[in-house]
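Feature list (source: TrEMBL):
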TRANSMEM  B:6-26  transmembrane segment
TRANSMEM  B:47-67  transmembrane segment
TRANSMEM  B:73-99  transmembrane segment
TRANSMEM  B:126-144  transmembrane segment
TRANSMEM  B:164-182  transmembrane segment
TRANSMEM  B:194-213  transmembrane segment
TRANSMEM  B:249-272  transmembrane segment
TRANSMEM  B:284-304  transmembrane segment
TRANSMEM  B:385-404  transmembrane segment
TRANSMEM  B:410-432  transmembrane segment
TRANSMEM  B:439-457  transmembrane segment
TRANSMEM  B:486-507  transmembrane segment
Amino acid sequence: MAEPAEPAPAAEAGPARRTDHSPWNWLLLIPIVLPLVTPLYNRDAPRLWGFPAFYWIQLSFIVVGVVTTTVVYQMTKRR
Amino acid sequence: MRDHITEIVIFTALFLLVSGMGFVAARWRAPQDMLHLDEWGLGGRSFGAWITWFLIGGDLYTAYTFVAVPALIFGAGAAGFFAVPYTVIIYPMVFLVLIRLWSVSHRHGFVTPADFVRTRFGSPTLALLVAITGIVATMPYIALQLVGIEAVLKAMGVTGEGWLARHAPIIVAFAILAAYTYQSGLRAPALIAFVKDTLIYVVILVAVLYLPYKLGGWGHIFDAADAKFAASQAPNDGILLNANNQLQYVTLALGSALALFLYPHSVTGVLASRNRTVIKRNMSALPAYSLLLGLIALLGYMAIASGVQPLPGSRPGTVDNNTVVPLLFDQQFPAWFAGVAFAAIGIGALVPAAIMSIAAANLFTRNIYKEYLRKDATPAQEAHVSKITSLVVKVGAVAFIIFLDPQFSIDLQLIGGVIILQTGPAVALGLYTRWLHRGGLIAGWVAGMGLGMWMLYQIPNAAGRKHFGGSAFPLSEFGFDTKRTIYVGLVAVFVNLLVAVVTTLILRAAKTPDGVDGTVADDYFADEGDPRLEKARVTPEAVGSST
C-alpha cells in the first residue's frame, strides 16, 4: 500500500481549469465580418491617392485586422 | 526583343545560392537526431517568432499569389481582389482555432491534422479520409508553384518549342528542390524563406513606388483598367463588382480562408512553432504580407496601363495571363532588376512547394504507412518513408504540370480548396466539440465531396471548356431565378455539416458505438514546457492513441 492510486492528471485535478474563453475574443468577429459586407466598399468614390474606394477600403481592413488581433492578444495573454 | 542574358545570369545565380542554402540547412539549428519525423518534418518544433513569420508567410503567400492573382485582376478586374479580404479573414480565425490544434498536437506528438482526427474521434477510417483529402488537395497546389516558375522562364525566353525544351528547365529546378528537401526537411524552406521574402519585399516596394510614377499615377492606372473592361464583352469584369458577382466574391473569400488553414502545409507551418505565444504574435504580424499581396494584385492593372500583351498559351489561340507580371517587369525595369524580380518569384515557388511536399509526405507516413502498412514503424523509419514520399509527391506535381494545361492553374487551386474544405467539420469543429459522431463526419465528408465535385463539373468557362471551368456556381442551377453565382466550396461544406449533424442524431438514436476520445479538455491549452509533454513524447502511442 506504499503506492497511492494513479494520480489524476493535473488537468482534471487542478483547481482552476484552463480555458481560452474571453470576452475579448468577440473583437475578432470585426475583421471577419467587415470584409464580407460588399456594400461597404463596392464603389469608386471617394478616391484616395487615385485608388477607388473599393481598393483602399479593403486594404485598410488589413489594418483593422492587425489592430484587433493585437488587442486581443495583449488582453488575453497569461501573466 | 532584347536578349535576356543579364536576367538569366542573375536568376541562375540567386537560384543556385538558395539551393546551396537548402543543403546547408540540415546543419542549421542542428538537431540531435535528424532521423525523427519531428526533426525532418517539423524542424524540431522549435521555431521562434521570426522564423515562424518567414516560414508561414513563405508558406501561405506563394508563387501562385505573385503570378496568378495579378493575372486574375488583369483578366477580370475587381473579382480577382478577393485575395485581400480572404487574407484579412484568415488570421482572426487561425488565432482562435489553430492555436488549439497546436496545443493538442504538442502534447500528443501529432504531426498532421489526420493524426488529431484519429485520436479525437477514435476512427482510423476518418483519419484516412482526411489524409487522402489533404494529399489530393496539395498536389495541384504544388503544381501551381511550377506554373509560377514556368511563367518566369517563359518571360526570360528560356523555354523552347519542343516538349523537352518546354519542360526541361522546370524539371531541373524541381530535381534540385527535391534533393535538398530530402536532405534538410522543413529546415530548408525555413532558411530559404528569409532570402525569398527579402527579395519579394524589395521588388514589390520598388515596383509599387516606381511603376505608378512611370505610368502616370494610380488614378491613371485604374482609369486605364476601367476603360479596358468597359470595352470588353465579358459580363462580369470591371474595376468594381456588379450585382451578380458580389455573393461569389464574399463566399469565395470566406471559403478560401476556411480552406487555407485546413491545408496540411499551413498546419505544418503552425506546428513547427515553439509555443502558443509565437503563433498569437504572428497573427498580428502576418498581415504585413496581406498588404504586400494587395499591392501585388494591382500589378495586374499596371500591366493593363502599360499595354502588356500576354504570351501565347500552350494551346494555339489561347493566351497565358500568368505571364503578364513577368512581362511587366521585363518591359519596365532594367534587365538586372527584372532578373532579381524573376528570382524572387522563382524562389517564391520553391519555399511553399517544399513545405507542401513535406506536409503531404507526413500525411502518407503517419496516416497511411504507419496506420495500415507498418504499425510498429520506428521514428527513424517514419522519417525515412517521409523523405522518400516527398520525392514521389514532387514527381507527381511535375507530371500534373506537364500533362495538364497550366492555363487553368488558379481553377485547379480552387478545386483543391473545395476538396480540403470538406475536412473542416472533422478538423476545425473537432477542436471545439466532440459532439459529432465519427460516422456522421464520414457521411458528411462523402456528401460534401460528392456535391462539390458535381457542382464543379457543371461549371463551364469562357475559354470554351464545358466542365471544371471555375468555382463560381450559378444559383439558377438550383432553381433560383437569378444570375448570381456562389462559391462551390462553401455550399458543399454547408451540406457536409448538415449531413453530419443529421447522421449523428440518427446514429445516437440507434446507439451506434462512437469511438473513444483520446484527448482531454486541458490538452487544448497546453503550452511549451508542459509537464505531461515528455511522457507523451517518449511513447506517443501510449497517450496519443485511443485504440
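Backbone N, Cα and C define each Cβ position, glycine as well.
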- Message: Can you tell me which parts of the same chain pack against the transmembrane segment (B:6-26), counting only residues 6+ beyond its ends and a CB-CB cutoff under 8 A?
- Response: 34, 152, 156, 158, 173, 176-177, 179-181, 183-185, 187-188, 190-192, 195-196, 199, 330, 335-336, 338-340, 342-343, 346-347, 350, 354
- Message: Ranking B:47-67, B:126-144, B:284-304, B:486-507 by the number of C-beta pairs under 8 Å to the transmembrane segment (B:73-99), which range is first?
- Response: B:284-304
- Given the cut-off of 8 Å on Cβ pairs that are 6 or more apart in sequence, determine whether the transmembrane segment (B:284-304) and the transmembrane segment (B:47-67) share at least 3 such pairs. yes
- At least three Cβ pairs under 8 Å linking the transmembrane segment (B:410-432) and the transmembrane segment (B:126-144), pairs spaced 6 or more in sequence? yes
- Item | Proximity verdict for the transmembrane segment (B:126-144) and the transmembrane segment (B:47-67), three or more C-beta pairs under 8 Å | yes
- Task: May I ask which of the stretches B:47-67, B:194-213, B:249-272, B:385-404 has the most CB pairs under 8 A with the transmembrane segment (B:486-507)?
- Result: B:249-272
- Item | Interface check, the transmembrane segment (B:47-67) with the transmembrane segment (B:249-272), three or more C-beta pairs under 8 A | yes
- Same-chain residues at least 6 beyond the ends of the transmembrane segment (B:385-404) with CB under 8 Å of its CB atoms are 37, 40-41, 135, 138-140, 142-143, 145-147, 150, 167, 170-171, 174, 177-178, 181-182, 185, 353, 356-358, 360-362, 364-365, 369, 377, 412
